[in-house]
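Everything on this sheet refers to the single structure shown next.
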Ligand SMILES: CCCCCCCCCCCCCCCCCCCCCCCCCC(=O)SCCNC(=O)CCNC(=O)[C@H](O)C(C)(C)COP(=O)(O)OP(=O)(O)OC[C@H]1O[C@@H](n2cnc3c(N)ncnc32)[C@H](O)[C@@H]1OP(=O)(O)O
Ligand SMILES: Cc1cc2nc3c(=O)[nH]c(=O)nc-3n(C[C@H](O)[C@H](O)[C@H](O)COP(=O)(O)OP(=O)(O)OC[C@H]3O[C@@H](n4cnc5c(N)ncnc54)[C@H](O)[C@@H]3O)c2cc1C
């Protein structure tokens, strides 16, 4: 319908090629470092290619589809992927293979909660017999499960959950009930339309006594008709800010009966006579959430920011607007220091959080191995670290994606840029898997307890909180000094708020009031604690990684930039704590600006090294060839509103005015 408009040679493509020629490091080697080795890059590319070459997985750009089409296509593709492309024994969150598959997944998919929450819960809460029964069914997609914890009335405060599972000795069943409207399960992904089972978190009641939250497998739909079972009311909660392809659902249960064996009973059991047997700590009930907080940030936040950086930096390298030299040619907006100041620190965030996250995954895997041997002594530490890490990463990456979107000017507002999709995908990561504020408070609770102990009684990674403040020797901008600066700040924040808590409680104020009145400083201390962890982990990675000098230099510069950018945006905190002087802050700012200038020529190369394929981004601004304007026009042509030259509804409603206008103009014409 539209004629083609093409330039003979796109200036933008030429510009981006020049950027690549100017890069001062081997891009492929940085890709290998990012992936964890050359072999891993090869394996990831193989998996990505397998998915991208598969004709079943092709579909129109998401910004041209309705929600219904997006849900339908995602379900068709996900079912196909699960049965044909995923290894038979599933994928283990935290493994490299899991990461590679997550990179290969189509831009929209669903059934993932089944994979990342339902299956892991069967494994961690089920007895051997239960795992043997449910796991093969779940792996084969013979049963599809949601993770049904949150209710309409309660998400954060799990002790307030209202859904009940009452043991009926006569029939040896649990009777599941949502006593009020606010008790219905609300939000679980894949639950509204696709799931036929749910892992329901409910308050266990035996002979009128409450035993707290337990995990039950509840069948919600018939396996042959897919109709909701008697007593079950289930559906989609409606459209949200994003997640269009996912049927986040509601589930209301009235007298739904399940066999006694459907209580996942590795950690606690109900005997036929109603005796309750506790086999392990109640805290392990929360283990599924630790698992997700450790393993989701990479795919749900860090990769999302990496894509947003790729789009914004490639676009900024070809978008020319305004003059730097009076009388000279228009410059790429990436040449403005202010544009570099927006975008390059986001790249540093991607690297810092990715490598720090790998450290947490390793710690968590060690914890799981110990737990298998009955040792859960590290649970509190891993909970505190993973809670604040999830909160900090989701917060930093969400802010970063919005910075990238705005840095693309008007085109960043267009769905065709791919950036609004990324923003809507990443924003809920600040809420799901534990609302961020609530998680920071959990970390602070642990830190305040630690602050009253001796260093020798604390885990190695926490002992610095109660040890003497360290001196910085030499420039604030050295990596060693950055670590000291963040450690000192975290220790002083935690000690400061602990002092406040103690003073208030010594004056006789009730603990819950003390806590509420200290919560602003508690959250600050948890943020500083996790920042010192991230910086420390990134510095260790940069120091230890085996790579060529140019790559090492880039990583060191990104690491230093990450620390300095944080200091420069929060300098008041560092000054208030007395960790830095005004002179330090001035130096930190100048050094950040120098680093931006130094990294600028490599910016396109650094985002190329993430190695995202064009189809994994669906972005007219971020495609590899830099051909932004033609792509934007081609995408606009696909808008469903452009199907006809005359849109019937606009014609119908506006025609009377137009006819009036025509008559007036013709009258004027005839008068003249
Ligand atoms: C098929 C095809 C395709 C397949 C393809 C596969 C292919 C490929 C694979 C590729 C995959 C692709 C990638 C994946 C993509 C995924 C996309 C999915 C989209 C997004 C999914 C989104 C999912 C989102 C899911 C969700 O959102 S699920 C809901 C999450 N909801 C929460 O997270 C509630 C927060 N609330 C709380 O966590 C608690 O409620 C509360 C605040 C602690 C209570 O606080 P309080 O009341 O104080 O607590 P108490 O109970 O008294 O306990 C207090 C005592 O316990 C302690 N302690 C509290 N915690 C814990 C804890 N953890 N662990 C240990 N201890 C704990 C605490 O330290 C204290 O110890 P003490 O100091 O006493 O010693
Ligand atoms: C896209 C998406 C997918 C989801 N998927 C699932 C799923 O698969 N399964 C599932 O069970 N759930 C799921 N959820 C639900 C999610 O886990 C909850 O929304 C989340 O845990 C937050 O709980 P809430 O909504 O009750 O928030 P609230 O706790 O009501 O938060 C509201 C405000 O109150 C504040 N607040 C709450 N408690 C405190 C406190 N103690 N101190 C200070 N401030 C406080 C919060 O900081 C926040 O500002 C999903 C949610 C989303 C958005």
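Cβ atoms here come from the backbone N, Cα and C positions, even for glycine.
Caution: TrEMBL annotation is automatic and unverified by curators.
What you see is a predicted model, and the numbers here were worked out from it, not measured in a lab.
Counting Cβ atoms from all protein chains shown, residue 433 (active site, proton acceptor) has 25 others lying within 10 Å of its own Cβ. Residue 433 (active site, proton acceptor) falls outside any helix or strand according to DSSP and counts as coil. The active site, proton acceptor feature in TrEMBL is assigned to 433.
The 10 Å shell around the Cβ of residue 189 (FAD binding site) contains 23 further Cβ atoms across the protein chains shown. Here TrEMBL flags 150, 189 as FAD binding site.
Residues or ranges marked as domain 'Acyl-coenzyme A oxidase N-terminal' by TrEMBL: 27-144.
Summarising the annotation, TrEMBL assigns domain 'Acyl-CoA oxidase/dehydrogenase middle' to 146-256.
The domain 'Acyl-CoA oxidase C-alpha1' annotation in TrEMBL covers 286-448. This prediction places the mean pLDDT of the domain 'Acyl-CoA oxidase C-alpha1' (286-448) at 96.
Per TrEMBL, domain 'Acyl-CoA oxidase C-terminal' is recorded for 479-658.
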All-chain count of other Cβ atoms within 10 Å of residue 150 (FAD binding site): 18
Rounded to the nearest Å - Cα separation of residue 150 (FAD binding site) and residue 433 (active site, proton acceptor): 10
Inter-residue C-alpha distance, residue 433 (active site, proton acceptor) and residue 189 (FAD binding site) (nearest angstrom): 12
